[in-house]
């Protein structure tokens, strides 16, 4: 391997970008936008190189770096990624420039500070990357908490209606989770004798089973709020509804996945016995989320809130996949995290484009709009189809893997989750029908922006996401090759194996009793 | 018998082109947008035509292979591999998929040609051909996949293409609603299909046809599991093919342009359920209960379709219910199993010809009559559109089973096979199929006479109905020739051709002779024709007459199937959704907000002061830490 510190570079580059962007005078918004875009593209390039150099079959953490920081606390600057973290990095690296492009004019209105907006996005990216590349529990915790700050200001200062309420609610929820997480980390610190490096904790073996239960609950609660799982989800519709579209895409597309990522990275390997103990509870919550999120999504009257609720249903699928403990369901869950980022990211961005044109995201304010903007309608349709996991789009593969793997160990759960795909068709098609189809809403024809189809910038923003959704839908195997070993290794930590087929493959020769 | 597929050789290794051509057509047409408006329809038609030629080449190559090796698999790439799961993007060209490929591309090409004329005045013609190509690509994937997952990808692909085409005129609320209804009903079926796939993986560790079939044939599987796989597959088949209890979407799908009704909702997509069952014959043959359910659904649906078909006045809806009913016959046949598998397939092929012809004929009538669809407003049209009239006549005679037209050779054997089922079941299912034949003769005669004969009952805006242009009538003529000849030509050749797939079947003792069954069927058909002729030769009332009997009232209401769905599914669903939204806003959010406020020190206060914020943050972290450390101490030293 090379000596280039890829992972620290991934944190430092966007951080420097954020500082430089923030330093741009308020009167030169264009300059700030291009600087931010430039830095996000550098991050994308570094990540691309990493994807090429990553050894897919290797289960150990790769690109590791280690610098001592506060040895007394066990706090080290330890970095390293496995396949799961790598695909999440790739998702972050792709989504950030797309979001910067999508939010190009979002901060211009109402004389808000444009450079700060883009600086905050880069700062958010740096901290989110930090959570993915940390190989030290305390270091992870620091990034996990600090990333709230840029997100808080992005929602609270640049959001829409009720942005203050939403931002505070988001912060409070996360705060609650972070507090419990810190307590649990302190508990772990006590139990492990001050060891906080992930690899060292793994090598030291799991702690006492009773203690595991408490620590697991502490970690899990924090991550269940972040993901969010039912019933800790109610901050998400408010935050997703109030945040600017691009920020919502980052919030739901990447930041929420840190919850599920951390469950895979910390809860399962560090507390294997407790994970098995609490798996039924986690699956129950996730399963309720699948059905509940979809049903509540159907009843929404606001596009952004609707998309937020669909995500709660999708996170339910991810949760089921993680806690079913099979290779297929786990791999499906990780792939789901990536695919959901692309699909829901696109959905949020398209909804943002619609809302910007209409000046409202109320569903009732649209109707028949497909006639006016065929390209935007087509993009909306593709995003919707990806959201309902149509085969040929990426989310199908992940949802299929989750349900298939779950079915092999728990049939009722899998069958109930299949109901979720019928409900998904319901909310997507009804949303599309009420906005794009049917009689043209006369109020729309009078609005000039509603006659403007996608412009060049918007086309450039949606194209990479559409290409990604279709490419990963047709040929997901390269990504699966990266995810599979990491998931298998995680399941090894938990100590579970896949069930064998009930009927041995009928090789006629194998039946003899030689 | 072990199922073994041979790898593709020679030209057959290019079979992926079958799917790639129409897919490329769709992609080009969608990406180029208006720039392709002038020639888009030509490209769309050409790709399907080229696929048909390729299909013929592959067919010839396949027929040159020896009987026991007449199949070709092509492994394109690994689609999904995880743990012990391995799904390849693999294709299979065997006698069964070959006949479907020829039907889809052959009839598909004719309907594409027809649509050039039919859609010539529509500003969305390019978009129409893009979706049409997309449909053909997905349908070909459905019949060419060599494992259940590939088939499922095509399966949902045709569903979305069908949705796009049903709601093609999306600014009409009725079209948008019909498209959504079709998609949802299909998804219910698809959910069943998915569960069947999961069951296969849990049982055999694979979703390949070969592994699943051989595993089932080896008889190691609990019969309950075979039954479950069969019934879940059947649910999928019912959704796609408009069979009971998922039949209500198909008549509404007539909101789409008529070429769509002909290709997707008559000739090809809706027969996918029959393909699924025929393809899965080792599973169904291994479980008699599963077969009995298929037969029952087929028999019930064929009667439902006939009864409602008698009560409708919309030319396309009559044909739609007729499709529901004819697919019921196909289900009946593939449910009977054994020699009847092939009967179901040849009826499917013959139906592809005559029903496509009938729909295109209906489209031609509408074209000449300002898009009028009410048969009470037609009459005497035979003089004005001779080609349409004569080709429609041939399709009509074919569907009622007049010898020697197609239906006679394909439907009568199904009726006979149903009678020959053992015990009382033979009488029930045979009787249902026989009754269906009589009812079919009745409603099709009514449709034909009211449309083309009797007095004119046109609306005032029509002075001189015109015949359609040649680009529409030529496909009509070709399909009419098919309606006449296909049945007779296929009745033995296709059955033999399919033998490598379904295997040889021993002959059962027959409780009814061939001639008795034919005689009975012909008698009922003639009766149906005569009654309809006497009732409708002088035309019919222009307005709907009050229904005198319950059965008429029920038939006009689609046998209350829509009402049932509304009351049992839609209404409770809507109430549940509304209740949950309320609960989520008040209950869940309220409780958690309250908790958060209690822990964090009150959200209202937080919003007011930024300084109190940091302090409470630190305080809450500290208190949490204290709680857990205390708990730890208790656990460690307690």
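Glycine residues also receive a Cβ, built from the backbone N, Cα and C atoms like all the rest.
Note that the coordinates shown come from a computational prediction; the quantities given were computed from them, not determined experimentally.
The annotation domain 'NADH:quinone oxidoreductase/Mrp antiporter transmembrane' is assigned in TrEMBL to A:134-420.
The transmembrane segment annotation in TrEMBL covers A:36-56 (among others).
Counting residues 6+ beyond its ends, the transmembrane segment (A:76-102) has Cβ neighbours under 8 Å at 7-8, 10, 14, 33, 36-37, 40-41, 43-44, 46-48, 50-51, 54, 56, 59-69, 118, 121-122, 125, 128-129, 132-136, 139, 196-199, 245-247, 249-250, 253-254, 257, 261, 264-265, 334-335, 337-338, 341-342, 345, 349, 352-353, 457-458, 460-461, 464-465, 468, 479, 482-487, 489-490 in the same chain. The transmembrane segment annotation in TrEMBL covers A:76-102 (among others).
Taken from TrEMBL, the feature transmembrane segment covers A:114-133 (among others).
Long-range neighbours of the transmembrane segment (A:139-158) within the same chain, counting only residues 6 or more positions beyond its ends whose Cβ lies under 8 Å from a Cβ of the stretch, are 69, 75-78, 106-107, 112, 116-117, 120-121, 123-124, 127-128, 130-131, 164, 166-168, 170-171, 174-175, 178, 181-182, 185, 196, 222, 239, 242-244, 247, 251, 255, 258, 262, 266. As annotated by TrEMBL, transmembrane segment applies to A:139-158 (among others).
Among residues of the same chain six or more beyond the transmembrane segment (A:170-191), those with a C-beta under 8 A of the stretch's C-beta atoms are 73-74, 137-138, 141, 144-145, 148, 151-152, 155, 201, 207-208, 211, 214-215, 217-219, 221-226, 228, 232, 235, 238-239, 270. Summarising the annotation, TrEMBL assigns transmembrane segment to A:170-191 (among others).
Beyond the ends of the transmembrane segment (A:211-230), by six or more residues, the same chain brings 144, 173-174, 176-178, 180-181, 183-185, 187-188, 191, 236, 255-260, 262-263, 266-267, 270-275, 277-278, 282, 285-286, 288-289, 292-293, 312, 315-316, 318-319 to within a C-beta distance below 8 angstroms of the stretch. According to TrEMBL, the transmembrane segment annotation covers A:211-230 (among others).
Residues or ranges marked as transmembrane segment by TrEMBL: A:242-266 (among others). Tertiary proximity for the transmembrane segment (A:242-266) is limited to same-chain residues at least six positions away from its ends with a CB under 8 Å from its CB atoms, namely 84-85, 88, 91-92, 95-96, 98-100, 102-103, 106-107, 121, 124-125, 128, 131-132, 137, 140, 144, 147, 151, 154-155, 158-163, 165-167, 198, 219-220, 222-228, 236, 304, 307-308, 311, 315, 318-319, 322, 330, 333-334, 337, 340-342, 344-346, 348-349, 351-353, 355-356, 487, 490.
The transmembrane segment annotation in TrEMBL covers A:278-299 (among others).
Non-local neighbours of the transmembrane segment (A:306-327) in the same chain are 227-230, 233, 236-237, 239-241, 248, 252, 256, 260, 263-264, 268, 275-276, 279, 282-283, 285-294, 296-297, 300, 333, 336-337, 340, 344, 347-348, 351, 363, 387, 395, 398-399, 401-403, 405-406, 408-410, 413, 417, 420, 423-424, 427-428, 431, 484, 487-488, 491, 494, 496, 498-499; each lies 6+ residues outside the stretch with a CB under 8 Å from one of its CB atoms. Positions annotated as transmembrane segment by TrEMBL: A:306-327 (among others).
Look at TrEMBL and you will find A:333-355 (among others) tagged as transmembrane segment. The list of residues near the transmembrane segment (A:333-355) in space but at least 6 beyond its ends in sequence, with Cβ under 8 angstroms from a Cβ of it, reads 83-84, 87-88, 90-91, 94-95, 98-99, 102, 106, 240, 244-246, 248-250, 252-254, 257, 260-261, 264, 303-304, 307, 310-311, 314, 317-322, 361, 366, 369, 376, 379-380, 382-384, 386-387, 393-395, 397-399, 401-402, 435, 454, 458, 461-462, 465-466, 468-469, 472, 476, 479-480, 483, 486-487.
As annotated by TrEMBL, transmembrane segment applies to A:413-432 (among others).
TrEMBL lists A:460-476 (among others) with the feature transmembrane segment.
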Quiz item: What else in the chain is close to the transmembrane segment (A:413-432), if you only count residues 6 or more beyond its ends and a Cβ gap under 8 Å?
Solution: 283, 287, 290-291, 294-295, 297-298, 303, 306, 309-310, 313, 316-317, 320, 324, 363, 380-381, 384-385, 387-389, 399, 402-404, 406-407
Quiz item: Same chain, outside the transmembrane segment (A:460-476) by at least 6, Cβ under 8 Å from its Cβ: which residues?
Solution: 94, 98, 101-102, 335, 338-339, 342-343, 345-346, 349-350, 379, 382, 386, 391-397, 454
